[in-house]
C-alpha cells in the first residue's frame with residue numbers, strides 16, 4: 001500500500017521509468033556529440049569550433065607546437081614515401097585548377113593528412129587546423145605525442161613561448177607537389193606544417209620525405225637552417241612553377257636582362273628551400289621565387305615563416321604581407337627573397353601581377 005492510500009499502477013511505474021530513461025539518454029547523447037565534435041573537421045576556415053569555445057582561456061607553447069609540427073611532417077612523410085614505393089597511388093582528380101590542370105590526389109595525400117592532422121589535433125585540441133585534404137571523422141586516429149622536445153629545438157629555443165590558443169591557426173600541406181609525385185619526380189615532394197599567430201606566420205616546417213631532410217624555424221626563436229652566403233640581385237636565378245614558367249620568363253628577361261636564369265620546379269616548399277643553404281644534393285639553388293597565379297595558403301605558409309625567421313620576405317607581387325586567417329588562398333601571386341632589397345624587387349616587377357590574371 002502506497003502512502004496516503006494511493007495505489008501505484010505497475011503500468012504507470014513502467015511508463016514513468018521509460019520517460020526518465022529517455023530524458024537521461026537525450027542528455028547523455030548530447031554530451032557525447034559535444035565531445036566527439038572536438039575531433040570533427042577542424043578545417044573549416046574562420047570557424048573557431050567547439051573546442052576553441054570550450055577552451056577560450058587556454059594557452060599553447062609554441063616550442064611544443066614546433067616539436068609536434070616537426071614530428072607530424074616526418075610521420076606524414078613516412079606515409080608519402082611508403083605509398084610511392086609501393087607504386088599503388090590510387091590516383092584521382094579532385095577537379096580542375098584555375099589553370100585547367102587536374103587537381104590530383106593520391107593515397108599518399110590522404111594517409112599523410114590523417115597522420116599529420118590527428119597528431120596535431122590530439123596534442124592541441126583547442127587550436128584551429130586548416131589542411132589541404134578533407135578529414136573524415138570516421139577515420140579518426142588518436143595519435144599521442146610523448147611530450148619530448150628534440151635537443152636541436154631545445155638548443156635553439158631555450159624557454160617556452162606561450163600564446164593564447166584562440167590566436168593560433170595551423171596550416172597543413174600533407175603532400176606538396178602531388179603532380180610531380182604521380183610522375184615519380186621525388187625531389188620536389190615535401191610535407192609542411194605552419195603555425196600562424198593572429199594571422200602572422202611564426203613557425204614553419206618543410207620536410208623532404210625522400211631525402212629525409214627537415215628544415216624548421218621559429219620567428220624570434222631559432223632555426224636549423226640558414227640563408228646562403230650570397231645572392232645575385234642583378235642577374236638572379238629565378239625559380240618558378242613548372243606549369244607557367246614561360247609566363248614568368250618573358251617578364252623576368254625584360255626586367256633583369258637576357259642572362260637571367262629561369263628554373264622550372266614543382267612544389268612551393270621545394271622552391272623556398274632553393275633560396276636557402278640546404279645540405280641536399282638534389283636541391284637546386286635560386287635567388288628569387290616568383291609565382292604569378294592564385295595559390296593556396298597551406299602551400300606557402302611554412303616557407304613564409306622560415307624566410308621571415310631568417311630575415312627574408314614573402315609578399316604578394318604588390319609587396320603586401322600575406323595574412324594566414326580567413327580565405328584559404330591569395331590572388332596576388334607572390335615574391336620571395338632573402339638578403340635582398342625586397343621592396344626594390346617589388347618595384348622592378350610592376351607587370352607580373354597583371355600577367356598572372358590574364
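Glycine is no exception: its Cβ is also placed from the backbone N, Cα and C atoms.
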Task: Per TrEMBL, the range holding region 'Disordered', considering 85-105, 106-126, 127-147, 148-168 - done: 85-105
Open item on the list: Counting other Cβ atoms within 10 Å of each residue's Cβ, which of the binding-site residues 176, 299 comes out lowest?
Closed with: 299
TODO: Note down the number of other Cβ atoms within 10 Å of the Cβ of residue 173 (Mg(2+) binding site), including every protein chain shown.
DONE: 32
Task: Cβ neighbour count (within 10 Å, all chains shown) around residue 132 (Mg(2+) binding site) - done: 23
